[in-house]
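Colleague: First, the structure itself, so that you have it in front of you.
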Amino acid sequence: MGGCYSAYASSRKLRGRISKISLVIPDPVPDAEAASPRKDGVDGDGDDVRGGGGGCDDGGDVVAIATTTADEFARRYVLGKELGRGEFGVTRRCSDAATGEALACKTIRKHRRLAPPRVTAAKAAAAHGEDVKREVAIMRRMSSASSSRGGGAASSAAVVRLREACEDAADGSVHLVMELCEGGELFDRIVARGHYSERAAANIFRTIVDVVQLCHSNGVIHRDLKPENFLFANKSEDSPLKVIDFGLSVFFKPGDRFTEVVGSAYYMAPEVLRRSYGPEVDVWSAGVILYILLCGVPPFWGDNDEKIAQAILRGAIDFNREPLPRVSANAKDLVRRMLDPNPSTRLTAKQVLEHPWLKNADTAPNVSLGDAVRARLQQFSAMNKFKKKALGVVARNLPGEEVDKYVQMFHHMDKDKNGHLSLDELLEGLHINGQPVPEPEIRMLLEAADTDGNGTLDCDEFVTVSVHLKKMSNDEYLAAAFNYFDKDGSGFIELDELREEVGPNEQAILEILRDVDTDKDGRISYQEFELMMKSGADWRNASRHFSRANFSTLSRRLCKDTLTP
C-alpha cells in the first residue's frame, strides 16, 4: 500500500481483540464547559458543503433554532442531489425557491442518544439539541466575523457563509442552509493548474492560516483542520478558498484546556493525545497541511492508528524527502516552528502570519516543486474521494441502537446489584457470554471507558460503549460499500465503475489502481478493497463515536506516563 496516505484501517492486533467484546469508549466528560454554550462532544455531522424569512433563523450569534415544517421548508428551498454524507446527516445541493440561488443544505438528523433507565428521553433529546446548537452558534459567529472583515490576504470570504438554520417540527432534524462551494478541493486545484511552486504553496497557505487566526480571535478552536475541509468557492482562477466544516469546533476562553480526543489521525497534535490542549492544536494541524503542500505526504505516517499516534508523539520531521532539500530555509523553519511539540513555544496563528515566509509569499521561489509532489497530491486526493464514497455507504448502513438488550446484559452482569460493573464482573460476564478476553486488555478498556474515573462502568457507560462497538465491528458494512461500487455485480470494481464515482481523471484512477490492485489485473477485488480500507488510519473512524473511542484508548496507553489522573 506504500503510497496510500489516506487509507483507513486499524492495528490488526487491537482490532482483532476489540472485535470480540462489546466495549469501546463513550463520549468523554465535557471539558471547559463554561467556555461553550453547549457540552464539549459535538456529534453534528453531514460532511461537506460540496457542490431569509419563513420558519428559519438567519444569522446572528445566538443558539436559538427556529422550527419549521417539511412543507414550509419545501416551499422555500428545493433540495437536489446528495453531495456528502456523514454518520449523523447528509449534505445536498439545494436552491432558493424564490430566486433560484444555488446553495447547500446540511441536514443533521435527530440522533437518538442512548438513554438507560435513569436518563429520561427528554434529557437525551436536550443533550442532542445542545450539540447542534453549538455547531450553529459557531457557524453564525464565524460567518459574521468573516463577512465583516473585508480586505486582507483572505479577504472576507475565508469561511463558508451560513444563511439559515431551522429545525423540522416533526422529526427534529436540523437544516443548515449555506453557500455552495463549487470550485473543488484544494489538492485538485493544485494538480489542475500544472505549474506548482513554493510561491503557490505560500499563497494558498496564507489563506489557511488566516482562517485559523480568524477562528482564534473569535474564541473558536476548529479542532479538525485538514485539506478536505477547504473548498474553493467557484471555478474561477481567483476563487477564494473557504473552510467548510465546524462539526468538531468548540468555543474557548483564554486558559481553557480541553481533554476530548477528537480530530483526524494525520493532523492530530501531540497534546490532543495527551488530553490537555487549547487553540495551539489548530496551528499544529495547519503545520501538517503545510508539510503536505510542500512535499505531497503527511509528516507523521504509520501503517495503523497506533503507529501514526506514535510518530506524532515522537515528533521527528523528515526534511530529506524530495523536494524538501530544495525548499527554502524559511519554509522549513516555519514547518519546524508550527510542528513544535511544545504548545507553549509553538507559534500562534498571528505569529505564523508574521513569519518571513508568509509575509514575503509573493517573492517566495517560483521554481516548480516537481511532478512528484503534484502526483502525490493527486494520489492523496483521488484516494480520499474513493474512501469517502465508501465511508458514505457505511454511514448509510449503520444499524439502529439496541439499547434494551445491553441494559439487560448490564443488569445480568452486575452481580452485586450496585449499579456498577467491576473488573471481576466484566471478566466473568464476558466469559459467560462466550467472549473471553485477556485480563490486561480488559483493564485497558475499562480504564479508557471509565469516564468518571471510579474504576467501574455504570449502565450508561456500558451501554454506550457496547452499542458503538457493535455498529463498527461488523465487516458487512464494508461488503455493502464494495457492492455499491460493483454496479454490475461481477465481484470486481472495474475501470468504468471507478470513473463513475471518482470522475474521468485517468491519472487519478491509475493512482488508485496502482495502490489497491495488488494482483495487477486492472480491477479491484473485494479482498483488495478490504485491504485498502484496513490499512493506514482506521476506517471505523468514519464514526465519530468510534474515532473518539479509538484515539482515547491509544492516548491512555501511549501517554499513560504523562497523563494526570
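Cβ atoms are placed via backbone N, Cα and C, with glycine included.
Feature table excerpt (Swiss-Prot):
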BINDING   LEU83, GLY84, ARG85, GLY86, GLU87, PHE88, GLY89, VAL90, THR91, LYS106  ATP binding site
BINDING   ASP414, ASP416, ASN418, HIS420, GLU425  Ca(2+) 1 binding site
BINDING   ASP450, ASP452, ASN454, THR456, GLU461  Ca(2+) 2 binding site
BINDING   ASP486, ASP488, SER490, GLU497  Ca(2+) 3 binding site
BINDING   ASP517, ASP519, ASP521, ARG523, GLU528  Ca(2+) 4 binding site
COMPBIAS  36-50  compositional bias 'Basic and acidic residues'
DOMAIN    401-436  domain 'EF-hand 1'
DOMAIN    437-472  domain 'EF-hand 2'
DOMAIN    473-500  domain 'EF-hand 3'
DOMAIN    504-539  domain 'EF-hand 4'
REGION    364-394  region 'Autoinhibitory domain'
Colleague: Helix, strand, coil: count each for the residues of the domain 'EF-hand 3' (473-500), based on DSSP.
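Modeller: Each residue of the domain 'EF-hand 3' (473-500) counted once, the result is 16 helix, 2 strand, 10 coil.
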Colleague: Could you list the residues of the same chain, at least six apart in sequence, whose Cβ is under 8 A from the Cβ of ASP416 (Ca(2+) 1 binding site)?
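Modeller: The list for ASP416 (Ca(2+) 1 binding site) reads GLU425, given in order along the sequence.
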Colleague: When the Cα-Cα distance from GLU497 (Ca(2+) 3 binding site) is computed for each of the binding-site residues ASP414, ASP517, ARG523, which gives the smallest value?
Modeller: ARG523
Colleague: How many Å separate the Cα atoms of ARG523 (Ca(2+) 4 binding site) and ASP486 (Ca(2+) 3 binding site)?
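Modeller: It is 11 Å, counting Cα to Cα.
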Colleague: Would you mind listing, in sequence order, the residues at least six apart from SER490 (Ca(2+) 3 binding site) in the same chain with a Cβ closer than 8 Å to its Cβ?
Modeller: none
Colleague: If you compare CA-to-CA distances from THR91 (ATP binding site) to each of the binding-site residues ASP414, HIS420, ASP488, ASP517, ASP521, which comes out shortest?
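Modeller: Of the binding-site residues ASP414, HIS420, ASP488, ASP517, ASP521, ASP488 has its Cα closest to that of THR91 (ATP binding site).
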Colleague: Other than ASP517, ASP519, ASP521, ARG523, GLU528, which residues of the same chain sit close to Ca(2+) 4? List them in sequence order, counting a residue when its Cβ is within 8 Å of the Cβ centroid of the site.
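Modeller: Near the Ca(2+) 4 site, beyond ASP517, ASP519, ASP521, ARG523, GLU528, sit PHE492, LEU513, VAL516, THR518, LYS520, GLY522, ILE524, SER525.
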Colleague: Quick check on the binding-site residues ARG85, HIS420, ARG523: which one has the highest count of other Cβ atoms within 10 Å of its Cβ?
Modeller: ARG85
Colleague: Work through the binding-site residues one by one (GLY89, ASN418, HIS420, ASP486) and name whichever has its CA nearest to the CA of ASP517 (Ca(2+) 4 binding site).
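Modeller: With Cα distances computed to ASP517 (Ca(2+) 4 binding site), the winner among GLY89, ASN418, HIS420, ASP486 is ASP486.
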Colleague: If you average per-residue pLDDT over the domain 'EF-hand 3' (473-500), what number do you get?
Modeller: 82
Colleague: Specify the nearest of the binding-site residues LEU83, HIS420, THR456, GLU528 to ASP488 (Ca(2+) 3 binding site), where nearness means the distance between Cα atoms.
Modeller: GLU528
Colleague: What other residues of the same chain, not counting ASP414, ASP416, ASN418, HIS420, GLU425, have a CB atom within 8 A of the CB centroid of the Ca(2+) 1 site?
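Modeller: Nearby residues not in the site list: MET413, LYS415, LYS417, GLY419, LEU421, SER422, THR456.
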Colleague: Please state whether DSSP places GLU425 (Ca(2+) 1 binding site) in a helix, a strand or coil.
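Modeller: SS state of GLU425 (Ca(2+) 1 binding site) = helix.
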